[in-house]
Amino acid sequence: MAKGIPVLEIFGPTIQGEGMVIGQKTMFVRTAGCDYSCSWCDSAFTWDGSAKKDIRWMTAEEIFAELKDIGGDAFSHVTISGGNPALLKQLDAFIELLKENNIRAALETQGTVYQDWFTLIDDLTISPKPPSSKMVTNFQKLDHILTSLQENDRQHAVSLKVVIFNDEDLEFAKTVHKRYPGIPFYLQVGNDDVHTTDDQSLIAHLLGKYEALVDKVAVDAELNLVRVLPQLHTLLWGNKRGV
């Protein structure tokens, strides 16, 4: 019997708020579990135990049925998020089911684990965590993942994204970009107030940070080919979950 998939949330249709497919209409499947514990994580409930009672162990067919029940025929794209969904070898059955139904799959991971099913992902964002996260990137593992994708002719489906909270993070991002210059590269403003319910104050704060980051990138000759993004869903809905 296939091993179940630990699911915390299924929601949508909405839009993707981050990375290479920002603005893309999508459904979301959020899995539980992560091998990191980033200091500023905006989805810590996926790994800190606070939502343990909410985890549902589901088969690929059950997840797909719930997606269709919620989204009907109003979607052709599914984003798998976490936590770190790359920890789940058993996701292969679900991704294959999406492919069988002509539904594109997107996934974001920090780049610590490679899975063979990465080659089935249409939009794969690898987001190594910067110093502000208090995590340390293993570049050997990241090298292995990106080399494996290239060997499987999947370089067109992958991008790199680094979340920026401070100048040290920006320097880290430049190091990543220099190491992998041929991979599309995105910088994104980090949300440093993931608990506030004052949406207007949060939006003004994040837009100010976004402008400051754009100003820095604009004059940096090492960042001529990067794209600088806001966290779009936060500007629309604040810290609300399930949107």
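Every residue, even glycine, has its Cβ placed from backbone N, Cα and C.
Annotation comment: Swiss-Prot describes Ile15, Gln16, Gly17, Arg30, Ser81 as substrate binding site, evidence class sequence analysis. According to DSSP, Ile15 (substrate binding site) sits within a strand segment. Cβ neighbours of Ile15 (substrate binding site) (same chain, under 8 Å, six or more residues apart in sequence): Ile22, Gly23, Gln24, Lys25, Thr26, Leu232, His233.
Per Swiss-Prot, the feature [4Fe-4S] cluster binding site maps to Cys34, Cys38, Cys41. DSSP assigns Cys38 ([4Fe-4S] cluster binding site) to coil in the three-state reduction, outside any helix or strand.
Cβ neighbours within 10 Å of Ser43 (Mg(2+) binding site), excluding its own Cβ and spanning all shown chains: 18. The Mg(2+) binding site annotation in Swiss-Prot covers Ser43 and is backed by sequence analysis.
Residues annotated as S-adenosyl-L-methionine binding site in Swiss-Prot: Gly83, Ser127, Pro128, Lys129. DSSP assigns Gly83 (S-adenosyl-L-methionine binding site) to coil, not to a helix or a strand. Around the Cβ of Gly83 (S-adenosyl-L-methionine binding site), a 10 Å sphere holds 24 further Cβ atoms from the protein chains shown.
If you look up Swiss-Prot, you'll see 21-239 marked as domain 'Radical SAM core'.
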Rounded to the nearest Å, what's the C-alpha distance separating Gly17 (substrate binding site) and Ser43 (Mg(2+) binding site)? Just drop the number here, would you?
14
So among the binding-site residues Cys34, Cys38, Cys41, who's got the most Cβ atoms within 10 Å?
Cys34
Using a 10 Å cut-off between Cα atoms, which of these binding-site residues sit near Arg30 (substrate binding site): Cys38, Cys41, Gly83, Ser127, Pro128, Lys129?
Gly83
Cβ-Cβ neighbours of Pro128 (S-adenosyl-L-methionine binding site) (radius 10 Å)
26
Relative to the Cβ position of Lys129 (S-adenosyl-L-methionine binding site), how many further Cβ atoms are located within 10 Å?
22
